[in-house]
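Notes to accompany the following structure.
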Amino acid sequence: MNFSETIFALASGRGRAGVAVVRISGPGAMAALEELSGQSRPEARRAVLRPLYRSKDKSLIDQSLAISFPGPKSFTGEDVVELHLHGGPAILAALFAELAAFPAFRPADPGEFTRRAFEHGKMDLTEAEGLGDLVNAETEAQARQALRQMQGELGRLYDGWREQLISSLAHLEADIDFPDEDLPDGVAAAIAPKIAALRGEIESHLADGHRGEKIRDGLDVVILGQPNVGKSSLLNALARREAAIVSDEAGTTRDIIEVPMDLAGYPVTIVDTAGLRDSENVIEREGVRRARDRAKKADIRLFMTTADAPDIPSEFADLFEESDYRLVNKSDLATIGIKENAKSRIFSLSVKTGLGVDGLMTALEADVTRRLDLSGAPALTRLRHRQALEECVAALQRFEAAREPELAAEDARLAVRSLGRITGRVDVEDILDVIFGDFCIGK
Ligand SMILES: Nc1nc2c(ncn2[C@@H]2O[C@H](COP(=O)(O)OP(=O)(O)OP(=O)(O)O)[C@@H](O)[C@H]2O)c(=O)[nH]1
Ligand SMILES: [K+]
Ligand SMILES: [Mg+2]
């Protein structure tokens, strides 16, 4: 990482805008503002008017509002200048041309401002990831979870576990250094219960049903059933738009159709599938294969039948489980031969008249809210964290089984290291490109 370079980027959204914010970070930031404006640098953290001029003919680029944040009290920990300009493409192009011409200035890479903040100790890796999630959050739950992580909730949890382990390890080192001395039954035995308790805590954090990861990715709600029962009609009713083709021809839908939605503040993807039946048509067969495949990965499954034949047909009874929803559609055409029961998740519908659709929606909202409830302890949010915690648990299990103090100490060290990699307390150079490469430019 080369901190002698000054980086700049548009920090606000692309395209025409009332105001655009350009961020500049690095050793040349203040001098650049002085040079562009022909005035001395403004007082720290005060918004001031600064007209900016082209270097070659001193013509005005734009009237800007400038704020300086001298390091280390800035987002990146370096000298930072923020310029608020009129958000026109020509103005931005002119400013970027001027900035790029300064020696050791260049456009920022994706996530580079946040990466510099991490490298200068302004935030740990989980906080940086939380910031990335916050920028990408589309639902209220995603934003709330991201904000909690950005404020250090997860980082504190993982660092706390790491500190507990380190203090246990320190006792163990004493054991190794004085192997011949009379340590009663070995210190390793004394710390074993603490290690077991910590491992239990990490294991229960891991066994959270992927709640935090699903808040980021959304729950999959998959609609399944025979051709023509009204699956695509339901998708359109839930999405409130014509996302899928509806027709009275059996076998209309062949591909998987996904509609992202916000249910009670939580992200879900409603998935429409091909009608399940044996078909001679290769394309339809592929559609059915995809539908079955998707059914197996679903978080919530809605099995649709119709009022004249409400039972789950034998062709796909293998997919059906007690916890799945049963939707009996076309109640406008026939009296339902089955009793509606929200508890056992049987819903009578007429997608055509709209009857029962709101009730289903309310039940789904309650279900999703229960599954993804945010009120409790912070949840694991990423595979990267999950893998590190699994490594940690495995190392602790080996530690507990080890006979030799030296081997035990090595496993304890590995466990500490796995935890340290989550927050970035130990060498993580190898994963930084991946983590920050996910960010957009200007963050
Ligand atoms: N009477 C009545 N007709 C309905 C109802 N829901 C859907 N339909 C009709 O049933 C036919 C099939 O609807 P679709 O939504 O295409 O059914 P599908 O399950 O997606 O069918 P495939 O994609 O072929 O598997 C259409 O003509 C719809 O208008 C309903 O509640 N009552
Ligand atoms: K159809
Ligand atoms: Mg369909």
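Quick reminder: no glycine exception, Cβ is built from N, Cα and C everywhere.
The local packing around Lys122 ((6S)-5-formyl-5,6,7,8-tetrahydrofolate binding site), expressed as other Cβ atoms within 10 Å of its Cβ over all shown chains, amounts to 19. According to TrEMBL, the feature (6S)-5-formyl-5,6,7,8-tetrahydrofolate binding site maps to Arg23, Glu82, Lys122, Lys443.
In this view, Ala274 (GTP binding site) is surrounded by 28 other Cβ atoms within 10 Å of its Cβ, with every protein chain counted. Feature annotation from TrEMBL assigns GTP binding site to 228-233, 247-253, 272-275.
The annotation Mg(2+) binding site is assigned in TrEMBL to Ser232, Thr253. In sequence order, Ala244, Ile245, Val246, Thr252, Thr253, Ile257, Asp272 are the residues of the chain that are 6 or more apart from Ser232 (Mg(2+) binding site) and have a CB within less than 8 Å of its CB. Ser232 (Mg(2+) binding site) falls within a helical segment according to DSSP.
Marked as domain 'TrmE-type G' by TrEMBL: 218-369.
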Which binding-site residues from the set Arg23, Glu82, Asn228, Ala274 come near ligand 3, judged by a Cβ under 6 Å from any of its atoms?
none
So among Ser247, Ala250, Ala274, all listed as binding-site residues, which is physically nearest to Arg23 ((6S)-5-formyl-5,6,7,8-tetrahydrofolate binding site)? Use the C-alpha atoms.
Ala274
Integer average pLDDT (0 to 100) for the domain 'TrmE-type G' (218-369):
94
Between Lys122 ((6S)-5-formyl-5,6,7,8-tetrahydrofolate binding site) and Ser247 (GTP binding site): CA-CA distance (Å):
57
Anything from the binding-site residues Arg23, Glu82, Lys231, Ser232, Ala250, Thr253 with its Cβ under 6 A from ligand 1? List those in sequence order.
Lys231, Ser232, Ala250, Thr253
